[in-house]
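The signal peptide annotation in TrEMBL covers 1-16. Taken from TrEMBL, the feature transmembrane segment applies to 27-48, 55-76, 96-113, 122-141, 153-179, 191-208, 220-239, 246-267, 273-292.
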Amino acid sequence: WGLMLVLSVAIYGSHAPLLTLCKVDGMIPFSSTSVVVLVELTKLMLSLQTWNRELLGVAVSWRHVAPFALSALLYAANNNLVVHMQLFMDPSTYQILSNLKIVSTALLYSLFLRQRLSMRKWLALFLLVAAGVSYSCGGLQDPGSPSKMQLHITLVGLLLILVYCLISGLSAVYTEAILKTQALPLSLQNLFLYFFGVLLNLIGYFWSSAEGSFLEGFSSWVLVIVVSQALNGLIMSVVMKHSSNITRLFVISCSILVNALLSVTLFNLQLTVLFFVAVSCIGLAVHLYYGVT
């Protein structure tokens, strides 16, 4: 568990720096839809590696398979929504407001999985939100750029970010509910989920009719992103099957540390007071949620 969680923290934290390394003249040169398709396909192929004869004897009906179609649809909708939201807000605003998905996930987790959270645990989760907002507002600073942050969002952008946070929480909690309520091996459940993931994202790719070839703009860094995100998806399925989405939220928040370390090392960015505020909030949140009895 320790190794898996540390690896997941490292993958979450390295995602944004890896995307920066992929940029050409400040722009992402590849189709994000293509990357999502390849990530889902890689997860499916890795899941097939766990196939064994014991799974052949498992009784499976359409009632076991069908729920994963909705789960994959929610994930696919969320991935595409992230792209379209950028048209109605600047990246800084997105980074700040996307932290609301911590609240939406916790609310839906408490409501649908009937997991009552104490006031202490709610305080811990709000501290995670505060940590994310602090870091997004200026935890890192480029010495050569103005320190003043300019935020911009339209009414449509605000509505989209609320829908995004709702779908993000719903997809995570719904998937956790399926994984835990079905008496099927996780490897078989992953096959169902990632099969639909590949299918729906392929449909989305051809529907968007993106210009250029499927692999246009790809580099070795893109392949690192694909493999790492696929591996992280498999780790998160284990977390949701045997732990909870709350653990996933803490993993994502802790990835701030890795993100900051890589950003300082690779791009010569500087840590600010807000970074240490964010780290303090995360440390206190972990103590409140897991350390106090």
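Using the three backbone atoms N, Cα and C, a Cβ is placed for every residue, glycine included.
When Cβ distances are compared across the two stretches, the transmembrane segment (96-113) makes no contact with the transmembrane segment (191-208), since fewer than 3 pairs at least 6 residues apart fall below 8 angstroms. Of the Cβ pairs linking the transmembrane segment (191-208) with the transmembrane segment (273-292) and spaced 6 or more residues apart, fewer than 3 are under 8 Å, so the two regions do not touch.
Across 55-76, 153-179, 220-239, 246-267, 273-292, the stretch most heavily in contact with the transmembrane segment (122-141), judged by Cβ pairs under 8 Å, is 273-292. Tertiary proximity for the transmembrane segment (220-239) is limited to same-chain residues at least six positions away from its ends with a CB under 8 Å from its CB atoms, namely 4-5, 7-8, 11-12, 14-15, 18-19, 21-22, 30, 35, 38-40, 42-43, 46-47, 175, 179, 186, 189-190, 193-194, 247-248, 251.
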